[in-house]
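Colleague: Right, I'll just put the structure down here and ask away after.
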Amino acid sequence: MSKGTLFDKVWDLHTVGTLPSGLTQLFIGLHLIHEVTSPQAFAMLRERGLKVLFPERTVATVDHIVPTENQARPFVDSLAEEMIQALENNCQENNITFYNIGSGSQGIVHVIAPELGLTQPGMTIACGDSHTSSHGAFGAIAFGIGTSQVRDVLASQTLALSKLKVRKIEVNGNLNPGVYAKDVILHIIRTLGVKGGVGYGYEFAGTTFEQMNMEERMTVCNMAIEGGARCGYVNPDRVTYDYLKGRDFAPKGADWDKAVAWWDSIKSDVDAQYDDVVVFDAAEISPTVTWGITPGQGIGVNQSVPQPEELLEEDRFIAEEAYRYMDLYPGQPIKGTKIDVCFIGSCTNGRISDLREAAKIAKGRHVAEGIKAFVVPGSERVKQEAETEGLDKIFQEAGFEWREPGCSMCLAMNPDKLQGRQISASSSNRNFKGRQGSSSGRTLLMSPAMVATAAIKGEVSDVRELL
């Protein structure tokens, strides 16, 4: 088993004890909740006559079901209105901090917690959402959990978990122009597979990650779960501290200096032992596009849909299913695939740096005829910053719609949905069948800059041609 890693140190510091089942009872330092997976958990507490044990360690927002166009209350969707009212009432009843629409800090839960400084190194973090691993970018151990586990954390501030193995994923070198953090994680998942990380936590390391800003690191950690890993993290460093300093909930004054000293102490030791190590060369990564129905079915933008015989035997069945569903054939170049909808946003790529990169492509150009393209900022703060920088005008002048914050078309629990057999270029994290709202809709995952390029060209294209 691993030894001396950040994961081991944080795990040990938060271990309450060992349960009769053999599972570890792990204390959770920060619990993030939203409107979709929390109502049932609160109902279960009421049934048992329990209260939220640590409301001060619980933070809520609305993101999954909020519309990104008309946000007037009550919402047109009565179920969405009911769910948000339930969260409002549950937070008020339990004295939980709640960032509602119009608060100035509402947004996708995995965007607002870092920008508020709630997410910090050395924490254990849980949320009823698969992509909680995003927070690992700060050197935190962050888990997505189910509704019954949301109940457990509300009631006890602990989770019953098995300790993970730790795989070090090292990427070294400089990324080529037009290659982004999204391409890095898609390349990793493509190589190791969607089940390759099962039973592991991923430690992302190497000179490539050292050069990334915090938002890029969040993109990578966000999708660790898509590679089968339970969590993913990057050791904290000066980039981490510079991002956190001065944020709302970051330590201040002398407390800041103490915090940095402690954060430095929990980094993986130089001689840390890992259960596995995989090394990648950044120069070998190109702009990447998924062609199939899992995030692991990715190829370089100038490559072709793989032939069955090029795949591992265990991957061929899902590939055959993907050929049929996506209406693509083996050997078909992915470049030139016609697009109907272009979506820039999500907890993977809805931050200000993502919008800046997409705006560089959109500036002075226009969305191709017949393409629906829209940009959804990850939070109210991101939206405000983007508008201050004039990014909204760049997008709108180029023919993109500029929306209000929310999860939007990433998962289509809201009005933003594909129709029929439409195919989207999306900066989100999942390309499963029906993921974006239509049971027959198709999704191609790529970086925000690549989505913007597809919007301009009307088809999958190489972003490097527009740089």
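Cβ coordinates come from backbone N, Cα and C, glycine included.
I grabbed these lines from Swiss-Prot:
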BINDING   CYS347, CYS407, CYS410  [4Fe-4S] cluster binding site
COMPBIAS  422-442  compositional bias 'Polar residues'
REGION    422-443  region 'Disordered'
Colleague: Once the chains shown are all counted, how many other Cβ atoms turn up within 10 Å of the Cβ of CYS347 ([4Fe-4S] cluster binding site)?
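Modeller: I count 28 other Cβ atoms within 10 Å of it.
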Colleague: Can you name the far-off residues of the same chain, 6+ from the ends of the compositional bias 'Polar residues' (422-442), with a Cβ under 8 Å from a Cβ of it?
Modeller: 131, 182, 222-223, 226, 290, 292-295, 297, 325-327, 337-350, 354, 358, 409-412, 416, 448, 450-451, 454-455, 460
Colleague: Among all protein chains shown, how many Cβ atoms are found within 10 Å of the Cβ of CYS410 ([4Fe-4S] cluster binding site), not counting that one?
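Modeller: Neighbour count, Cβ to Cβ under the 10 Å cut-off: 29.
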Colleague: Determine which residues of the same chain, besides CYS347, CYS407, CYS410, have their CB within 8 A of the center of the CB atoms at the recorded [4Fe-4S] cluster site, and list them by sequence.
Modeller: ASP63, HIS64, ILE108, HIS110, HIS131, GLY345, SER346, THR348, GLY350, GLY406, SER408, LEU411, SER428, ASN429
Colleague: If you draw a 10 Å sphere on the Cβ of CYS407 ([4Fe-4S] cluster binding site), how many other Cβ atoms land inside?
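Modeller: Cβ-Cβ neighbours of CYS407 ([4Fe-4S] cluster binding site) within 10 Å number 31.
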Colleague: Please report the DSSP secondary structure of CYS410 ([4Fe-4S] cluster binding site), reduced to three states.
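Modeller: Once the DSSP labels are grouped into three classes, CYS410 ([4Fe-4S] cluster binding site) ends up as helix.
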Colleague: What is the number of residues in the compositional bias 'Polar residues' (422-442) that are helix, strand and coil, as DSSP sees it?
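Modeller: Secondary-structure breakdown of the compositional bias 'Polar residues' (422-442): 0 helix, 5 strand, 16 coil.
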